[in-house]
Amino acid sequence: MTGAAGDRERGHMELAKPLVDDDGRPLRTGTLWTASAHIITAVIGSGVLSLAWGVAQLGWVAGPAVMGLFAAVIYYTSTLLAECYRCGDPVFGQRNRTYIDAVRATLGSSKERLCSAMQLSNLFGIGIGVSIAASVSMRAIKRAGCFHWKGHKDACHASTSPYIAIFGVIQIVFSQIPDLDKVWWLSTVASIMSFSYSSIGISLGVAQIIVNGGMKGTVSGVIGVSAGVTVMQKVWRSLQAFGNIAFAYGFSIILLEIQASHQQS
């Protein structure tokens with residue numbers, strides 16, 4: 001009985017131990033599927049909704065060229081970050097679970113504050129971009145309803161300010177949910193939504209091509225008196241399109257966090 005009781009006691013002690021990794025940090029529970037869901041959510045984010053507009057403003061030459069440029073930049077950046085996941089030995093070295101951990105281990109503490117400020121500024125900008133995209137989308141839904149009831153002759157003006165405030169309040173509420181990063185199904189739902197609105201966008205584009213009897217647009221994009229766009233408006237819209245395309249390629253900012261959640265990393 002003593003041996004059996006001792007085994008039970010040791011078993012209870014093992015169960016009582018906190019679930020941690022070999023480095024003493026919380027145990028990683030991510031799988032290939034959850035990591036893929038995170039990546040899809042990050043890559044096919046709300047930024048893809050403005051790609052068509054951005055290409056229309058830049059034209060058929062500069063538009064695809066800018067998309068290719070940022071795709072190459074994000075690929076190169078992601079490759080570098082993936083190499084920074086472990087320090088020293090690529091298999092048994094210390095894990096860098098965040099971007100700042102990688103900076104501290106690779107470049108030293110002197111660069112930590114600078115890179116932290118850059119990362120926070122980037123996150124702040126992405127937050128602004130997401131808020132604007134959400135408010136513009138909600139305003140578009142309201143205007144669509146207005147056009148349905150009043151007809152397209154009505155201007156159906158609507159401000160984005162109330163929707164930005166609503167979106168901000170919702171984000172504050174959701175940010176209070178404890179361990180939100182461990183809700184694995186959330187990224188799965190987000191992935192389904194990403195595929196859904198991307199498919200809707202592609203379908204609408206194909207339908208418009210059929211209605212127009214072919215693909216429209218010019219090499220230089222939207223410009224000229226006939227299009228109602230002045231030179232200064234063209235410059236502003238081109239810069240805005242450049243920023244929108246850059247916003248759509250923001251995957252690397254959370255690459256290490258996704259990699260650190262995977263059990264096999």
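Keep in mind that glycine also has a Cβ here, set from the backbone N, Cα and C atoms.
All annotation found in TrEMBL is predicted automatically rather than curated by experts.
What TrEMBL records for 28-262 is domain 'Amino acid transporter transmembrane'. The transmembrane segment annotation in TrEMBL covers 32-51, 58-76, 123-141, 161-177, 183-207, 242-260.
Within its own chain, the transmembrane segment (183-207) is flanked in space by residues 29-30, 33-34, 36-38, 40-41, 44-45, 48-49, 52, 177, which lie at least six positions past its ends and keep a Cβ under 8 Å from the stretch. Scored by C-beta pairs under 8 angstroms, the transmembrane segment (58-76) has its highest count with 242-260, from the stretches 32-51, 161-177, 242-260.
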